[in-house]
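First comes the structure, then the notes that go with it.
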Amino acid sequence: QKSNVTSYGATSLAITTLEAFAGMWINAFIVCVLCTGWVKKKTLNSNEKILLVLGCSRFCFLCFSWVYCSFSIAYPNYLYVQLTFQLIVFFQSFFNCSNLWFAACLCVFYCIKIANFRNKFFIYLKVKIDRMVPWLLLASVFSASTIGIIAYDMADTKLSNNRNSTGRGNFSTVSGKVDKHFFQTYFIYVFGFVTSFTGVISSALLLLFSLWRHKCKMQKNSMNSLSMDAHIRAMKSILSFFIMYSINFIFLILSLIPSTKEEKYVAFLSLLYLYAFPGVHSLILIFSNPKLEKTLTRILSCVKCKVCMR
């Protein structure tokens, strides 16, 4: 099959390729730094465990999303065939949902670890949160696997039905029909978004309330506290994810509306944002983590010195 790429498709593919590879580099940096520290110290704290699985998930998500985007634009006939399409849909759904759940787990972890409340249940969670992190990550993987299996089954059913109805060789109409039958998959995505989004909102509100109470105590006692810096650093990470998550959710809702789904500019903006989101938020997480920030600064300074010496 010859590639039949329009100028719009070529522009979209070029921009998404740049975003995808930039995001993969950023998340690969997080994974490499954490794995290096893991090998040296023989251990990982709970925060680093979440960041490690989040970086791996986002790296894989960008890989499969870029493959799907490239084939759907350049060679759609090679994409919408048995097994290939189902596997890409499964892995894309799995890694998309898992990285959202892992990021939500990170927000909840920051909230429980940093916020100060005298509630007995909250104190219990603060003591047990390090032991709960592996179970939270395992539950996130199980939920994402369930959504991926459902998406795989739906892709297999719809692709088989469309192949039988269109006959041999007419794959150009299959891609259009497959997209029309994916409302149920989008509904599953919305359910995953809403549940994880609820955890992010709750964490942000609780941490904001804790920060406000802590600030009032500091003003009364006229003293400084390191806890204030920890609150502010966690709030930056959670609020950035909250804002980006909200925009992501808006684009998802717009993609469900038939009148806006056919608009090229809406699809183009959605594509740009969805590919930029994993890399940009991971970059914010790097600058919110002292260890990752110092490592990145050291690498960039070394690269700058080598360039200057040349």
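Any Cβ shown, glycine's included, is placed from N, Cα and C.
Predicted automatically and left uncurated, TrEMBL annotations should be read as such.
What TrEMBL lists as transmembrane segment is 20-39 (among others). Sequence-distant neighbours of the transmembrane segment (20-39) (same chain, 6+ residues past either end, Cβ-Cβ under 8 Å): 48, 51-52, 54-56, 58-59, 62-63, 65-66, 69, 275-276, 278-280, 282-283, 285-286, 291-292, 295-296.
Residues annotated as transmembrane segment in TrEMBL: 51-75 (among others).
Taken from TrEMBL, the feature transmembrane segment covers 87-112 (among others).
Beyond the transmembrane segment (133-152), the same-chain residues lying 6 or more positions past its ends with a Cβ under 8 Å from any Cβ of the stretch are 46, 49-50, 53, 86-87, 89-91, 93-95, 97-98, 101-102, 105, 108-109, 185, 188-189, 192. Look at TrEMBL and you will find 133-152 (among others) tagged as transmembrane segment.
Long-range contacts of the transmembrane segment (186-212) within its own chain (CB-CB distance under 8 A, at least 6 residues past either end) are made by residues 93, 96-97, 100-101, 103-105, 107-108, 110-111, 114-117, 143-144, 147, 150-151, 228, 231-232, 234-235, 238-239, 241-242, 245, 248-249, 252-253, 255-256. Taken from TrEMBL, the feature transmembrane segment covers 186-212 (among others).
Look at TrEMBL and you will find 238-259 (among others) tagged as transmembrane segment.
Cβ atoms under 8 Å from those of the transmembrane segment (265-288) belong to residues 8, 12, 15-16, 19-20, 22-24, 26-27, 29-30, 51, 54-55, 58, 61-62, 65-66, 69, 99, 103, 106, 233-234, 236-237, 240-241, 244, 247-248, 251, 254-255, 296 of the same chain, restricted to positions at least 6 beyond its ends. Taken from TrEMBL, the feature transmembrane segment covers 265-288 (among others).
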